[in-house]
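Straight from TrEMBL, the features:
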COMPBIAS  1-10  compositional bias 'Low complexity'
REGION    1-48  region 'Disordered'
COMPBIAS  33-48  compositional bias 'Acidic residues'
DOMAIN    69-349  domain 'Deacetylase sirtuin-type'
BINDING   97-101, 107-109, 179-182, 274-275, 298-300, CYS335  NAD(+) binding site
ACT_SITE  HIS199  active site, proton acceptor
BINDING   CYS207, CYS212, CYS233, CYS236  Zn(2+) binding site
COMPBIAS  359-375  compositional bias 'Basic and acidic residues'
REGION    359-392  region 'Disordered'
Amino acid sequence: MSDAQEPSQSKVEEEEEDPPQAEQNYFWFISQETEDSEDDSSDEEPGEMDFLRNLFSSALGLGSGSGEKVLDELTLDGVAKYMLSGKCKNVICMVGAGISTSAGIPDFRSPGTGLYANLQKYNLPYPEAIFQIDYFKQHPEPFFALAKELYPGQFKPTICHYFMKLLKDKGLLKRCYTQNIDTLERVAGLEGDDLIEAHGTFYTSHCVSFGCRKEYNLDWMKDKIFADDIPKCDKCSSLVKPDIVFFGESLPVRFFTTMKMDFPRCDLLIVMGTSLQVQPFASLVSKVSRNCPRLLINMEKAGEVDPMLGMLGFGGGMDFDSEKAYRDVAQISTCDDGCLALADLLGWKAELEELVKKEHARIDSEDQTKKESESKGASAKASSTPETKKEE
């Protein structure tokens with residue numbers, strides 16, 4: 001699943017009477033930012049409006065005013081020239097379900113084709129229940145049936161995934177922050193230190209019992225799911241759940257700690273395939289410095305500054321079109337097409353296309369070898385089973 005962008009990350013956006021844990025995470029997140037800001041404050045007493053502006057600006061990660069214009073022009077070509085200038089050394093990618101749709105994995109919210117629009121067969125009380133932790137503990141069957149359809153290992157990484165691998169190979173990728181749970185970033189060659197899987201991953205699973213928490217690997221979970229067995233802990237018999245973030249669960253601690261180190265050092269933020277609606281992930285765009293260019297590659301504009309906050313003098317959201325725009329670029333296209341276009345401007349297109357071709361061929365070859373091995377194993381097992389004689 002991808003967005004499992006949004007278990008992504010779409011899950012957390014749903015409004016409920018009791019706010020989900022992810023929202024609580026966001027409030028904790030901004031309270032920490034406010035505390036940091038208070039620690040750094042001077043003795044000077046600002047006016048009431050300045051005080052409120054500074055408070056909300058620090059708490060919500062909203063800068064005020066403009067920074068230095070780094071890009072020669074607010075176009076994809078301007079971004080490419082900056083990347084080739086030698087000044088761009090730390091690139092952070094923020095990605096969502098849109099980078100995996102060309103692999104065959106649905107996003108969450110697209111009308112008609114999105115995941116939430118096609119869950120009727122599971123007889124859920126509401127679509128988001130399939131990713132709600134309390135519902136899962138009582139009714140795990142719908143989630144595991146869906147997981148079988150979308151299980152990692154059935155899909156190949158996209159051009160966009162391999163573009164990020166190319167950034168890594170060229171020493172430019174600081175980190176990839178992903179909302180997806182499909183593990184395709186790992187398949188494409190990004191490793192643990194390269195990734196912040198904000199909404200968790202299928203890569204590992206754990207027993208849901210707080211007194212146990214035994215860990216299981218990807219292959220163990222896959223065997224259970226494809227055998228149509230509800231995964232149960234072999235130690236305590238409780239449910240075992242992939243380490244993806246459900247509604248009602250906390251985001252990984254590493255998400256909060258790493259972003260505080262990464263984003264102030266970012267030279268270029270590339271946002272791809274996400275609606276930037278799920279908090280606290282969406283707020284990360286405002287954590288880079290005011291001088292840091294931000295490129296959005298998406299089917300529509302996202303993350304734009306709220307008009308009301310703009311009237312109050314806050315910045316931080318994406319600004320593509322106003323007279324004050326100075327660092328944000330929107331490439332409105334599929335993520336694959338946008339990455340190909342940028343790679344072309346960088347002189348990397350042939351290299352990227354060759355990487356995709358080579359890696360897809362490798363994956364196909366490994367899959368074929370695995371199928372042949374499994375087939376031989378099944379045949380050997382069948383031939384070693386004594387035949388039952390028919391009674392005469």
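Glycine is treated like the rest: Cβ placed from N, Cα and C.
Please treat TrEMBL annotations as automatic predictions, because they have not gone through curation.
TrEMBL feature annotations superimposed on the structure.
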| residue | record | Cβ contacts under 8 Å, 6 or more apart |
| --- | --- | --- |
| CYS207 | Zn(2+) binding site | ARG213, LYS214, TYR216, CYS233, LYS235, CYS236, SER238, LEU239, VAL240 |
| CYS212 | Zn(2+) binding site | CYS233, LYS235, CYS236, SER238 |
| MET299 | NAD(+) binding site | GLY98, ILE332, SER333, THR334 |
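A separation of roughly 7 Å, to the nearest angstrom, links the Cα atoms of ASN180 (NAD(+) binding site) and HIS199 (active site, proton acceptor). Summary of the Zn(2+) site environment: with the site residues CYS207, CYS212, CYS233, CYS236 set aside, the chain residues having Cβ atoms within 8 Å of the Cβ mean position are VAL208, SER209, GLY211, ARG213, LYS214, LYS235, SER237, SER238, VAL240. The most densely surrounded of the binding-site residues ALA97, CYS233, CYS236 is ALA97 (count of other Cβ atoms within 10 A of its Cβ). Within the same chain, residues 156-157, 162, 187-189 sit at least 6 positions outside the compositional bias 'Basic and acidic residues' (359-375) and bring their C-beta atoms closer than 8 Å to a C-beta of that stretch. As a whole-number mean, the pLDDT of the domain 'Deacetylase sirtuin-type' (69-349) in this prediction is 89. Around the Cβ of the residue listed as 'active site, proton acceptor', the number of neighbouring Cβ atoms within 10 Å comes to 32.
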